[in-house]
Amino acid sequence: MQASRRLLAEARRLLSRPAPGLIPRRLRHKKKWASTEPKFSPARLALQNFDVNYKVQFGELWPSVRVSLLSEHKYGALVNHFSAWDKAVSELERLQAQEFVTQARRRGQQEAFPQGPGAPPRPPAARWPCSPNLRCYTFARGDIGRFRPPRASSLGLLDYYLLDASSLLPVLALDVQPGDAVLDLCAGPGGKTLALLLTGCCRHLTANDISGSRARRLRQVLRSYVPQDVNHVQVTSQDGRMWGDLERDTYDRVLVDVPCTTDRHSVLEENNNIFQRSRKTERQMLPMLQVQLLVAGLLATRPGGAAVYSTCTLSHLQNEYVVGGAVEILANQYQIHVQVEDLSCFRHLFQDTFSFFPSCRMGELVCFVQAGGRCWEMGWHPLHSTLCDSGPDLLWCLLRAQRRGWSSSGHKEQLGEALAQSRAHHLYLWLPLFLEV
């Protein structure tokens, strides 16, 4: 019996040891990598792309801008006036958060009416050039504090909406006035749409997004923040490029927040990254899509109205070249002449919150750089902190489009009437690059 057991144990030992000819080994072959396991991740590919292109654009400033791009962004808390918001405001002020819109308004008022006997006289103050009734709190530079998640108030609505503070700037630049009809052409996920409603000036607001999932997210935001009896909001899922044909010369204000490479998301997140290999064609077609959306947004704007164009990318192809392409199309096909206007008042009003780069080929650049281990405001003064906690900066410009004629040669009488009336389109082109708060 014992001999049989020893024999079985030896047999098991021999069977458990593979013979030399049975050892698995890989034969020589050309190395390949599957499409499901790319050699470079989308985020790494995005950063390599930016290192090549943006280094040429920014020169010696690119390393500092790169640090800002890779930094975690900071949020602003947009107060929801539809809720019982007094308690939320008190809590935000206890956290020493700063309400930068009111600060900008006060700065304009103080400089319009200088104090002191030696102060020189100033001309009468101009009208506040921003959309009214918005309150957004953010922490001071160098403060890496975080806001708590929004809570439902006694009215059942959330007390504030967390967003990048720079996302509010296009809405402010839109300068919505009481009784305006407003179109948000690419509205998802809904932060700017909510801000437009909070101005209290929209006679009618159309919020459109071609993406079904983003449109559903937009509806959820409206249900969470806006009372049900606010019935002047229409949510649609149409192709924004067709809006110039659907509702031409209809809206007083149009916001065109176009899809882009979303530079910060592309270098920090792998999910839904436009630098995925499967989205290469989509990425290459972005500038054409942006031009089409911008032209459609302007065509949907009535003469005398205003439109804002916004992105969150550093790319010249998605910013200046899009503007140039849209301006050329408007001039050649629709006889709408566009000239750049000065918006230096924004640089002055918001200098406590945003740092504006002084040398821009077009518009205004909010630039954040780091030098010598300290954070500096480009063109202004050094920050009193070594913390680089800014988000994307902004490039934006203000353009006015004068209607000179009509695209159809068979409408000469309409052309003469338009020239006689001398009506104008105002096109505000807001090109966000990087948020800094």
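Glycine residues also receive a Cβ, built from the backbone N, Cα and C atoms like all the rest.
Note: TrEMBL annotation is automatic and uncurated.
Not measured: the values here are computed from a predicted model.
Straight from TrEMBL, the features:
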- 81-375: domain 'SAM-dependent MTase RsmB/NOP-type' (DOMAIN)
- 117-126: compositional bias 'Pro residues' (COMPBIAS)
- Cys186, Ala187, Gly188, Pro189, Gly190, Gly191, Lys192, Asp209, Asp239, Asp257: S-adenosyl-L-methionine binding site (BINDING)
- Cys312: active site, nucleophile (ACT_SITE)
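Mapped onto three states, the DSSP output places Lys192 (S-adenosyl-L-methionine binding site) in helix. Note: Cys186 (S-adenosyl-L-methionine binding site) has non-local neighbours Asn208, Asp209, Ile210, Gly240, Val256, Asp257, Val258, Pro259, Leu293, i.e. same-chain residues 6+ apart with C-beta under 8 A of its own C-beta. Cys312 (active site, nucleophile) and Gly190 (S-adenosyl-L-methionine binding site) are 16 Å apart (CA-CA, integer value). Considering only the residues assigned to S-adenosyl-L-methionine binding, Cys186, Ala187, Gly188, Pro189, Gly190, Gly191, Lys192, Asp209, Asp239, Asp257, the longest pairwise Cα distance works out to 20 Å.
If you take every residue in the domain 'SAM-dependent MTase RsmB/NOP-type' (81-375) and average the pLDDT, you get 84. If you measure from the Cα atom of Lys192 (S-adenosyl-L-methionine binding site) to that of Cys312 (active site, nucleophile), you get 14 Å. Between the C-alpha atoms of Cys312 (active site, nucleophile) and Gly188 (S-adenosyl-L-methionine binding site), the distance comes to 14 Å. Around the Cβ of Asp239 (S-adenosyl-L-methionine binding site), 12 further Cβ atoms fall within 10 Å across all displayed protein chains. Sequence-distant neighbours of Gly188 (S-adenosyl-L-methionine binding site) (same chain, 6+ residues apart, CB-CB distance under 8 A): Asp209, Ser211, Ser213, Arg214, Ala215, Arg217, Leu218.
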